[in-house]
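Trainee: Dropping a structure here in structure tokens format, bear with me for questions.
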Amino acid sequence: MTNISISANIGNEVFQSPFINAAGVFDETAAEMNQILNSEAGGVTTKSATLKPRKGNPTPRYADTKFGSINSMGLPNQGLDYYLNFIEKNEINKPIDLSISGTSREDNLTALKKVQKSSFTSLCELNLSCPNVIGKPQVGYDLTAIEETLTAVFEFFTKPLGLKLPPYFDLQQYDAVAKILNKYPLTYINTINSVGNGLVVDAKTESVVIRPKGGFGGIGGTYVKPVALANVRAFRQRLNPEIKIIGTGGVKTGLDVFELILCGADIVEIGTALAQEGPHIFARLKQELTDIMQEKGYHQLSDFRGKLKEYQN
Ligand code: RRO
């Protein structure tokens, strides 16, 4: 359909299609990121980077399951310089979501200072929600730590910044987190990271399915879609309208994309389904979303974004 646009904006960035890879999927190496860039994805996210390259947790550390996936990757990545070099060396004509996930506040601040000094101008995302670094809690569940981190970051950081948040499960948590986030000039949030420290059991072998942390890991895929919808909706109802939302969690079809945008997402990210299907998933999502919009008579995403209705009799 020629009169349907599925473009979306975050900060100064224009996404020609409202879906990109979720951090951690098809993004550790240049070859993988190029596959995303050469697909119908609207942009690319980089694997959450630490200051130095990391090997991550012992394998096996990822498993597909009936309704999604479990992972305890433990931040394997090539180090921040690799991702900054990749961006500098290539003329990338799509938005980039540069993900940073230091294992301490000091490392996050050092990494963001490096990004601030670099020529990078697209979107930078501070991951406060990795559930899989052994011995480290998720900062996103410590409200004081979120506030202290943001205060320190905005003393020097002037580029567009987003935060990757863990899933919340209580309405009072949304109130408290949104109250903090609204005090800062954030460009966006990304919600949700995987549901941390779930457990998948193989009844046949009577064992867990991944090695690290006794089998505990982040859950993604269809299991988590209602949690993602709720977090997007709850934050859209509470955040300042200038703070945009990337909705992540359980997206497999164009209908899932539609539902997350209906709840208030500006764009969405695809993790488990991308890992399972590969980058051609973006062409399918584009077709499915466009078909839904055509059937409903929508011409652009803003026709329905955030317009989820109360229960209808
Ligand atoms: O690398 C990982 O284990 C990982 C990270 Br950084 C994250 O943010 N979320 C996730 O499910 N896995």
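Easy rule for this one: first residue shown is 1, then count along the chain.
Here the Cβ of each residue, glycine as well, is placed from N, Cα and C on the backbone.
In TrEMBL, annotation is done automatically, which means it is predicted and not curated.
A quick note: this is a predicted structure, and the numbers were derived from the prediction, not measured.
Feature table excerpt (TrEMBL):
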- Cys130: active site, nucleophile (ACT_SITE)
- Lys47, Asn71, Ser72, Met73, Gly74, Leu75, Asn127, Asn193, Ser194: substrate binding site (BINDING)
- Lys47, Ser48, Asn127, Lys164, Ile192, Gly221, Gly249, Gly250, Gly271, Thr272: FMN binding site (BINDING)
- 7-293: domain 'Dihydroorotate dehydrogenase catalytic' (DOMAIN)
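Map these features onto the structure and tell me what's around them.
Mentor: Under the DSSP three-state reduction, Cys130 (active site, nucleophile) is assigned to coil, being neither helix nor strand.
According to DSSP, Ser194 (substrate binding site) sits in a coil region rather than a helix or strand. Within the same chain, residues at least 6 positions away in sequence whose Cβ sits under 8 Å from that of Ser194 (substrate binding site) are Asn71, Pro131, Gly217, Gly218, Ile219, Gly220, Val224, Gly271.
In sequence order, Ala23, Ser48, Ser99, Ile100, Ser101, Lys164, Asn193 make up the list of same-chain residues 6 or more apart from Asn127 (substrate binding site) whose Cβ falls under 8 Å from its Cβ.
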Trainee: What whole-number Å value do you get for the CA-CA distance of Gly74 (substrate binding site) and Cys130 (active site, nucleophile)?
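Mentor: Given the Cα positions, Gly74 (substrate binding site) is 8 Å from Cys130 (active site, nucleophile).
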Trainee: How many angstrom lie between the most widely spaced Cα atoms of the substrate binders Lys47, Asn71, Ser72, Met73, Gly74, Leu75, Asn127, Asn193, Ser194?
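Mentor: Roughly 16 Å, rounded to the nearest whole number.
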Trainee: Please report the Cα separation of Cys130 (active site, nucleophile) and Ser72 (substrate binding site) in Å, rounded to an integer.
Mentor: 9
Trainee: When the number of other CB atoms within 10 A of each residue's CB is tallied over all shown chains, which of the binding-site residues Gly74, Gly249, Gly271 has the maximum?
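Mentor: When each Cβ's neighbours within 10 Å are tallied, Gly249 tops the list.
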